[in-house]
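J.: Starting off with a structure, shown below.
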Amino acid sequence: GIENPAFETPCSGLGQRSHAGPARAGAGAADPAGCGPYPEEGPCGWGPCTPRALQLCNNSKGYLAAYSLLAVFQGIVVNGLINISISTIEKRYELNSSLTGLISASYDIAFCVLSLFVSYFGERGHKPRWLAFSAFMLGVGSLIYSLPHFTSGKYQYGGKIEDTCQTAETIFANATCSVSTNSSLHKYLYVFILGQLLLGVGGTPLYTLGTAFIDDSVPKHKASLYIGIGYAMSLLGPAIGYVLGGQLLKVYIDIQIPKRQDATYTKVDQDDPRWLGAWWIGFLACFFAIWLLIVPFSCFPRHLPGTAKIQAEKISETHDDGSQVLVQINNIGQSFKDFPMALLILLRNPVLMSLIIASSSEALVATGFATFLPKFIENQFGKSSSFSATLGGLVLIPAAALGQVISGILVSRRKMDCKSIIKFTIRTYSVALILNAVFLFAKCGNEPFAGVSETYNGTGTLHNLTAPCNANCRCLRSMYYPICGRDEVQYFSPCFAGCASYRFNDMKKTYHNCSCIGKPKRENGLEDFIHEAVPGKCPTQCKFLPLFLTFFFFAVVFTFMATTPTTVAILRCVPDKQRSFALGVQLVFLRLLGTIPGPILFGVAIDSSCTLWDINECETKGACWVYDNERMAYLLMGISAACKIITIIFAFMAVYFYKPPQLTKALPRKTSEKISAIH
């Protein structure tokens, strides 16, 4: 019982809501309507320790603040630091991309395995304490993910590789095909997988039980606003993670660069391909920060004060097809034996399943673009990888957050019912589909590339990097270091351009004595062509980047304007006792049909547009260096448009199937009386 009457909130005369139960001894006086608070409503604290200062946070706003902070840190680690550190981990621990792909997928695997069980059993549990457990596991996962750095010893970066044309055979004597020496570094793969699995365990309660607790604790018309704010805050995590991780990668992996006496070793800097950054610092910092959040979640009561009144005022919008499901649901969920029946009830709900498939189709596109938008910008518009990643983040993160907040405000202020919410998502999906046409007119052709799209001044053949002018240079195809010649043609590397020397002018590297580079196409004076080539890709003549970013920004806004309303509609169309479980089912399908296959499908499409592959000395195919830009644009637009059409079809199906419950005002009272009798 609750001794402090300040935490008792009277009901509003609509009948006692489920879970209220009869007042117990010591619970305080009931209001005239005969309704008392939830038995689990109470002060914020730990047992008898309830400091007065903590009670300022014992409300929905205090919980939303804690929820948002945990979502931010989860995003920093899972979607920020891990993504930006993958390439560094590949080099440091000698892992190929397929193995690091397994590391990335481990989070989703753990989420899929546990989501149904956590959401099913946690629905009737103490949700804030489940989120304290979530913070604990996220912290442990972050700590374990950073452990390989402390147990693998100092980084040995070896000798410097020359990138110019070297005719002496001794320079590249080590460039022959040979099996790499055995190393134990690749065994750390299992540590990274373990860390990701624990992060998946920690992330599961956050977006199932944590979201459902928000819906429990706020009035129905405010739920979309609160959930939208929480989801928008979760999108800040990846942005912070990318910025933080990018800055940490500028710090040497072992903090202090070692001083070597051997002349064959040269000091590394950030432009050196042997440079590795301090990827591990962010994970260690997040471990301490996330564990601090265990404190606020552990002190929240089972239900926030005022929950009884809020629940009593809500009118059920559960989908009712005329069957006895709404009666059956009151008698299940008390044990694991009811799990199959509870799952079957949700799978038989056509409105829920239509919304789940619609959101999964959108998730496929969203995760695909989140993974490959920087690569698309880099190849289409000739920008550097770091600048492309920054642009991609500046478009995706603010646009997604803005869409979440706008839709939450609109649904909240207009007080939309379940069917109106679904119709609202159809409008946003349709606008996003129209904006998807930006790929048709904001695409760019490929710039001239020697050995790929044109020959070396009439010598050599297409799709062959080797020509008579560089045949004696012993160049490596595994060393992609593009340069732009004075003839406005891009070359694979200084070596393939036949450049024999380089020097620095005003801290800028320039290449000289290049046997493959022709005369300049535009004569602007001799002083402009003191050098023959400069590092980097040739400036693109395509000017569509601002147009593309503008249209794509609004496409992302309208895409994510459907995310919060879809979550609210899912919470509305299922019985109250199955809300967390419904979110768990949605997140399983979201990963199986969306976030897991999305990057794979986009990756296959992008690889199919490749025109120049990395082939090492052992004739093993590696990464793609050059793409057919038009083919890439058409493929990505086709996948995106097809998925959005599927989304719209299933959203229409949800509207068609949805039937509001009969006698909605009487339903809460009957449900309450049934549960009170059980109590």
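Every residue, even glycine, has its Cβ placed from backbone N, Cα and C.
In TrEMBL, annotation is done automatically, which means it is predicted and not curated.
The region 'Disordered' annotation in TrEMBL covers 1-25. The domain 'Major facilitator superfamily (MFS) profile' feature in TrEMBL is assigned to 64-659. The feature transmembrane segment is assigned by TrEMBL to 64-86, 98-118, 130-147, 188-213, 225-244, 278-300, 351-373, 393-412, 424-442, 544-571, 583-606, 635-658. Here TrEMBL flags 463-518 as domain 'Kazal-like'.
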J.: Sort out for me which stretch, of 393-412, 544-571, 635-658, has the most Cβ pairs below 8 angstroms to the transmembrane segment (583-606).
T.: 635-658
J.: Using Cβ atoms and a strict cutoff of less than 8 Å, what residues sit near the transmembrane segment (424-442) while being 6 or more residues removed from its termini?
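T.: Non-local partners: 358, 362, 407, 410-411, 416, 544, 547-548, 551-552, 554-555, 558-559, 561-562, 565-566, 569, 633-634, 636-637, 640-641, 644-645, 647-648, 651-652, 655.
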J.: Cβ under 8 Å, sequence separation of at least 6 from the ends of the transmembrane segment (98-118): give me the contacting residues as numbers and ranges.
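T.: Tertiary neighbours of the transmembrane segment (98-118) are 78, 82-83, 86, 89-90, 130, 186, 189, 192-193, 196-201, 203-205, 208-209, 339, 343, 581, 584-585, 587-588, 591-592, 595-596.
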J.: How do the residues of the domain 'Kazal-like' (463-518) split into helix, strand and coil according to DSSP?
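T.: Helix, strand, coil within the domain 'Kazal-like' (463-518): 0 helix, 19 strand, 37 coil.
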J.: Between the transmembrane segment (393-412) and the transmembrane segment (635-658), are there three or more CB pairs that fall under 8 A, provided the residues in each pair are separated by 6 or more in sequence?
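T.: With fewer than 3 qualifying Cβ pairs, these stretches do not touch.
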J.: Would the transmembrane segment (351-373) count as touching the transmembrane segment (225-244), if touching means at least three Cβ pairs under 8 Å and pairs must be 6 or more apart in sequence?
T.: no
J.: Do we see three or more Cβ pairs under 8 Å linking the transmembrane segment (225-244) and the transmembrane segment (130-147), pairs being at least 6 apart in sequence?
T.: no
J.: Cβ under 8 Å to the transmembrane segment (393-412), counting only same-chain residues 6 or more beyond its ends: which ones?
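T.: That would be 221-229, 231-233, 235-236, 238-239, 242-243, 366, 369-370, 373, 421, 424, 428, 549, 552-554, 556-565, 568.
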J.: So if I exclude everything within five residues of the ends of the transmembrane segment (64-86), which remaining residues of that chain have a CB under 8 angstroms from its CBs? That is, six or more out.
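T.: Residues 57, 100, 103-104, 107, 131, 134-135, 138, 141-142, 145, 196, 199, 202-203, 206, 210, 214, 226, 229-231, 233-242, 244-246, 249, 279, 282-283, 286, 289-290, 293, 296-297, 300 contact the transmembrane segment (64-86) from elsewhere in the chain.
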J.: For the transmembrane segment (544-571), could you work out the same-chain residues 6 or more beyond its ends whose Cβ comes under 8 Å from its Cβ atoms?
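T.: The answer is 211-212, 215, 223-224, 227-228, 231, 352, 355-356, 358-359, 362, 365-366, 369, 377, 380-381, 383, 391, 395-396, 398-404, 406-408, 411, 416, 418, 421-422, 424-425, 428-429, 431-432, 435-436, 438, 441-444, 579, 582-583, 586, 654.
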